[in-house]
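Feature annotation from Swiss-Prot assigns signal peptide to 1-23; the stated evidence is sequence analysis. Per Swiss-Prot, the feature disulfide bond maps to C50-C125, C74-C82, C78-C97. The active site annotation in Swiss-Prot covers E55, and the record cites similarity to another entry as its basis. According to Swiss-Prot, the region 'Disordered' annotation covers 133-187. Swiss-Prot lists 136-175 with the feature compositional bias 'Low complexity'.
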Amino acid sequence: MKVSNLISTITIASALCLSLTNALVFSPCDKIQSLVKEYFDETIVDEMMCIAYNEAINPKSDSIGLWNLKKEHCNTVCKSICNSEIDLADIKLNTQCAEMVYLEFGFNGWDSYNNGLCKDSWGFCNTQNELRQHGSHSSTSRDSSSSSSRDSTGTGYSSSGSGTSGSGSNSGQTGHFIPGQSGHGLN
C-alpha cells in the first residue's frame, strides 16, 4: 500500500470517528440524571440531582466521586459492593453506594442537604434542558459561547465561558458543580 493511500485511509477513518463521537452530545446534567433515574426512586430525583450537583466538587473534602462519599463507607454501608476506596472512583459503584447511603441515612448523608441547599424544589438541569431546547443555550457546539445565571435558590450560581479552549469563568458560592466547567470529571 502506498503511503498516500495509507494517509488517505487514516484521514477518512479519523473523520468518521470524529463525526460519530460528535453525533451524540450529553450535558453533565444528562449524565447525572441518567444515573439518578437508574438508582433512585423517581420521587427523590430532584433532591439527588441537587446533592450530586453540590457534592461533586468540594475542595475541602477528602471524600470521593460524584456523591462525595466517605472512604469509610466501603467498610460499612457499602461493604457488599466496595472493597476499597478506589472502588468509589467508579461512577456506577459510587452511585450504587450513594443509594445505600440514602437508604441508611436518608438525605442527612450529605452536607449539601443538611446545609439547606437541596430542601426546596430544585430544577437547575430541567431549566438548562429547556434553555437548550429553545435555543437560548448551546452546549453541543464546541465553538459556541454561553452564559447563564440562577439565583432563585440562593446559591448565587453564575457562569460564562467560550471557545474550544475551555476557558471561562464562574462566580458564586464555591464548592459547587458547574455544568460545562472542566474539573468535575463528567466531560
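All positions are counted from 1 along the displayed chain.
Each Cβ is built from the backbone N, Cα and C atoms, and glycine gets one as well.
Annotated features, which come from Swiss-Prot, shown on the structure.
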| residue | record | CB count, 10 Å |
| --- | --- | --- |
| C50 | disulfide bond | 27 |
| E55 | active site | 26 |
| C74 | disulfide bond | 21 |
| C78 | disulfide bond | 24 |
| C82 | disulfide bond | 23 |
| C97 | disulfide bond | 27 |
| C125 | disulfide bond | 22 |
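Using a 10 angstroms CA-CA radius around C82 (disulfide bond), the disulfide-bonded residues that qualify from C50, C97, C125 are C97. The distance from the Cα of C50 (disulfide bond) to the Cα of C74 (disulfide bond) comes to 23 Å. Here the C-alpha separation of C78 (disulfide bond) and C125 (disulfide bond) works out to 28 Å. The Cα atom of C125 (disulfide bond) lies nearest to that of E55, taking the recorded positions E55, C74, C97 as the candidates. Comparing C97 (disulfide bond) with C74 (disulfide bond), their Cα atoms are 8 Å apart once rounded.
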